[in-house]
């Protein structure tokens, strides 16, 4: 009986194994039969996997491994997961048939062709292909929700808003990113400025506050004392004008007749006072603004005081006169502004300013008016003097600070070495090249006489007028208005036009000589390059003024680019451009009257020759003097002798010149100086000798000779009048003599020796010595 049971159990197990093998074989056969049909579906799945990379990872986790497939348990699972076609109910089959078209829609017609003929490439598989997907059943029975759109290869949820709103938001964000930081900080919305004032500011072209205006607004508006320093042309006037006007607008005012001013603004010049007054008037229609300065009748000013004044702008002299006459009451002052404070507190105005302010100020009183000091230059002594007018808790805003460059960063600084006898003619050429007939130029002179003479010099081809203290005030105002309006292009002025004047579109500023103090240079150069525009400032200097130029460089934190006078080529090129622009301004009605003459001229000379002659005559460049690029002397041409190695001394160049051109070249070469790095020299020769020199000279591997078209870069500025020199004029240091021998100063003949020693007499030596070291020392240090 037990044996029978064992045999029965063994038979049952054998039967079960046979059934399992039979079932496995049937399943494999069915898979082989279904494989061709499922190829296409698998390709669809692969296509979907490229679209949904995350789903592919889920599939891999869901599919069993080969090891699991071989185990009995896995076989049962597989059997359940993949029932045969016979086991599928008719209802399930019908559902599958309905969902098959949805799966087919996923694949584009182009993809279908690829899957039928060949397998897709790696690029096609890897490339993201965003598609709108509905819920669909995959081969493993999993369902997938509608897929979000892909953006840059990654899922990206659809926005709640419509596409036009999204695009507008993106464009707005881009615009915000493009707005400079200065405009964001200076936006009107950041400050308590009324809509009426904003409208008036926009009428002046102001759409946001400049940095100095933004950083000082709240200090001024809150009533704090302030010292502010910023570069020229950055909008310092509106820095105090806007907040003061808003403050007065917000206060209840008794606008009765004869009221005393609440704001006093003192300026050093009449022109600046007039300009500041206009700036106030342009941005307020409710307040009464008056401007008092010398050279104008008293009657009109008395009438303004009788009617009542809210804001008074003026120069110290006329304000002081009204106080002494008992006509002007300053006891009600709440705000005092000193514009260009360094000049207002200097020796020329200090006594007058103190007398004016003593009326409204009490010593060590917290009830004194609010004091506002503005300038582009604030030396240390200004702070010491200003403290007696300011409260102990004053604010300081400095947009220059410890920065090296004190001048406007939009101005290019150039320097031309020129003897005073040639200066007027060279200035005329400089205006042609750097400004032209259509541009505006301001020339600053040290004296009234020089300004008057230069404005009438025939070398300046453009219309020019002068502006200085000897001109009646009425004429000064007419002249300044004409220059602003473009009635003439060149203004020759003394320092009356140096400070504060905001003249639009000044292309060029010329200083006839280095100023005595660096503050004057900073303010003069600041007449160009204003409000973001670029400009050029050219300073003329003589050999004896080179030390002053170096001092300006060091104190103003700038570096002059030493240039030569404009060459004939540059002058003609600039003049022709001006002439062409002038042709555009000729009306068609005038042209018709000259057509017959033009046709006749073309027949005689040809079109090009006739037009070239006409342009030359229009430009005034019928004859252009050739000038030295080194010292501006007329009748000379500058030549460059380049050397392939660094020259030990200047006699090295003399030796080569004499070998090729003969000893007579000694009398023709003038003012030889080293090029940068001592890789050659440049010198002047008479214009008549240029052709002869070029014919005799032959370039070699070491030496090349050419005519200079612009001033080459020379071997460093000679600071303090010392160092090695290659010019006949000079100071202490070595000299490059004309005979080609290097000697110490004090030797004109004989062997090389110590300073002051000569083989040929002592008196001349002593005189030479005195002209050397002692003389240059006194020049350098003002002794």
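Using N, Cα and C of the backbone, Cβ positions are placed for all residues, glycine too.
Residues annotated as ATP binding site in Swiss-Prot: 230, 231, 232, 233, 234, 235, 236, 237. In sequence order, 211, 212, 236, 239, 376, 397, 398, 399, 400 make up the list of same-chain residues 6 or more apart from residue 230 (ATP binding site) whose Cβ falls under 8 Å from its Cβ.
The domain 'Helicase ATP-binding' annotation in Swiss-Prot covers 217-396.
Annotated phosphoserine per Swiss-Prot: 7 (among others), in sequence order.
The phosphoserine annotation in Swiss-Prot covers 13 (among others), and the record cites a large-scale study or a structure entry as its basis.
Annotation source Swiss-Prot lists phosphoserine at 71 (among others).
Annotation source Swiss-Prot lists phosphoserine at 89 (among others), citing a large-scale study or a structure entry.
Under the heading phosphoserine, Swiss-Prot lists 121 (among others), citing experimental evidence as support.
What Swiss-Prot lists as phosphoserine is 147 (among others), and the listing cites similarity to another entry.
Here Swiss-Prot flags 164 (among others) as phosphoserine, drawing on similarity to another entry.
What Swiss-Prot lists as phosphoserine is 171 (among others).
Taken from Swiss-Prot, the feature phosphoserine covers 173 (among others).
As annotated by Swiss-Prot, phosphoserine applies to 567 (among others). In the three-state DSSP reading, residue 567 (phosphoserine) counts as coil. Annotation for residue 567 (phosphoserine): spatial neighbours 627, 629, 709, 710, criterion Cβ-Cβ under 8 Å with sequence separation of six or more.
The repeat '3' annotation in Swiss-Prot covers 744-748.
The motif 'DEAD box' annotation in Swiss-Prot covers 339-342. Regional average pLDDT for the motif 'DEAD box' (339-342) in the model is 88.
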Determine, for the ATP site, the additional residues of the same chain whose CB lies within 8 Å of the mean position of the CB atoms of 230, 231, 232, 233, 234, 235, 236, 237; present them in sequence order. 210, 212, 376, 526, 530
Using DSSP and three states only, what is residue 235 (ATP binding site)? coil
Of the binding-site residues listed (232, 234, 237), the greatest number of other CB atoms within 10 A surrounds the CB of 232
I'd like the per-state residue tally for the motif 'DEAD box' (339-342) from DSSP, helix first, then strand, then coil. 2 helix, 1 strand, 1 coil
Within 10 Å of the Cβ of residue 233 (ATP binding site), how many other Cβ atoms are there? 24
